[in-house]
Amino acid sequence: MSVQSHPPVVCLLGPTASGKTAAALELAARTPVEIISLDSALVYREMDIGTAKPTHEELASVPHHLIDIIDPLESYSAAQFMTDAERLIGEIRARGRTPLIVGGTMLYYKALTQGLNDLPQADATVRAELDALAAERGWPALHAMLAEVDPITAARLAPNDAQRIQRALEIHRLSGQPMSALLARQADARTFTGAADARYRVIALEPSDRAVLHARIADRYDAMLKGGLIEEVERLRARGDLHLGLPSIRCVGYRQVWEYLDGDCDFATMRERGIAATRQLCKRQLTWLRSTPERIGIDCLAPDYVARVADAAGW
């Protein structure tokens, strides 16, 4: 069978706490699928509670991919996801099964469907220099530095968004040009012709009432805290080789608990920060989803939302 004759790959996207995992598992009961995780936090081993990782029973009920694949000391890029996902789609189809992509890391989705921008590769020396500078001056100071050389990028980043500030400054140091200018130039030159529309069917879980989703987020974070999130972070800290500069420890929820264990805040403040950070993540995910014209929107609060997803998927 040629690539063109395959049905589109269904991508079930949505913000945190929108019911993606539950919907995916119900869909798996209807169709012989294998799930490809589109989640930058689920790739890490030893990080189960704060990532809302599917349970062992759920993982055993249907094949899952790109979960528990790296150590928290390591990093996993959008480029790696793109390569892995494309390979997995082919392998799953070769087994006579249906790939189902599920998650909320929109950068991964963009990489898979539109390709990656040709930006300079990460440079360990430059990153170490920026980390040292941040340790001395703080990330808001580096954000101010970024504003001087790339005001467009700086304007869309929070002063404490360490990972993105570091990447933008790294690109400027390596290329001598603002990241925003490089991205704009590459967008103008891109020959991508909209293959995402043909190869992927995007189903987006979007709440009709954001307040309900916000309440879910608070309840879920409380459940994580009661379920052992603090103890999970304590085990990560006990390793001795992890720190707040790593993408794994900067994951929403983990960072706030880590800072709490550092003595930076009390329990109530940590809880508030964790919920607020999760809601901010949700807001960014929804903004990105709603800027995706090819999506099929489904109200994740509707009682029959799983049936609607199945209909949209053609299953």
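Residue numbers in this text run from 1 along the chain shown.
Each Cβ is built from the backbone N, Cα and C atoms, and glycine gets one as well.
Since the structure is predicted, the reported quantities are computational estimates derived from the model, not experimental observations.
The annotation ATP binding site is assigned in Swiss-Prot to GLY14, PRO15, THR16, ALA17, SER18, GLY19, LYS20, THR21. Note on SER18 (ATP binding site): other Cβ atoms within 10 Å of its Cβ, all shown chains, come to 27.
Residues or ranges marked as substrate binding site by Swiss-Prot on the basis of sequence analysis: THR16, ALA17, SER18, GLY19, LYS20, THR21. Cβ neighbours of GLY19 (ATP binding site) (same chain, under 8 Å, six or more residues apart in sequence): LEU205, CYS300, TYR305.
Proximity of distant same-chain residues to the region 'Interaction with substrate tRNA' (39-42), defined by a Cβ-Cβ separation under 8 Å and at least 6 residues beyond the stretch ends, is recorded for 50-51, 53, 66-68, 76, 102-105, 107-108, 247-248, 251-252. Per Swiss-Prot, the feature region 'Interaction with substrate tRNA' maps to 39-42 (among others); the stated evidence is sequence analysis.
Per Swiss-Prot, site 'Interaction with substrate tRNA' is recorded for THR105 (among others). A 10 Å cutoff on Cβ-Cβ distances gives THR105 (site 'Interaction with substrate tRNA') a total of 20 other Cβ atoms nearby, all chains included.
Under the heading site 'Interaction with substrate tRNA', Swiss-Prot lists ARG127 (among others). Cβ environment of ARG127 (site 'Interaction with substrate tRNA'): GLN166, GLU170 lie under 8 Å away, each six or more residues apart in the same chain.
For the region 'Interaction with substrate tRNA' (163-167), the list of distant contacts is 122, 127, 130-131, 134, 139, 142-143, 146, 154, 157, 179, 247, 250: same-chain residues at least six beyond its ends, Cβ to Cβ under 8 Å. Here Swiss-Prot flags 163-167 (among others) as region 'Interaction with substrate tRNA', drawing on sequence analysis.
The region 'Interaction with substrate tRNA' annotation in Swiss-Prot covers 250-255 (among others) and is backed by sequence analysis. Note on the region 'Interaction with substrate tRNA' (250-255): its mean pLDDT in the predicted model is 97.
A Cβ distance under 8 Å defines the sequence-distant neighbours of the region 'Interaction with substrate tRNA' (250-255), meaning residues of its chain 6+ beyond its ends; these are 16, 40-41, 44, 47, 50-51, 162-163, 221, 224, 229, 233, 236, 244, 274, 277-278, 281. For the recorded ATP site, residues GLY14, PRO15, THR16, ALA17, SER18, GLY19, LYS20, THR21 set the reference point as the centre of their Cβ atoms, and the other residues of that chain within 8 Å of it by Cβ are GLY104, LEU205, CYS300. Straight-line distance linking the Cα atoms of SER18 (ATP binding site) and THR105 (site 'Interaction with substrate tRNA'), rounded to a whole number, equals 13 Å. Around the Cβ of ALA17 (ATP binding site), the number of neighbouring Cβ atoms within 10 Å comes to 25. Ranking the binding-site residues PRO15, LYS20, THR21 by Cα distance from THR105 (site 'Interaction with substrate tRNA') puts PRO15 first.
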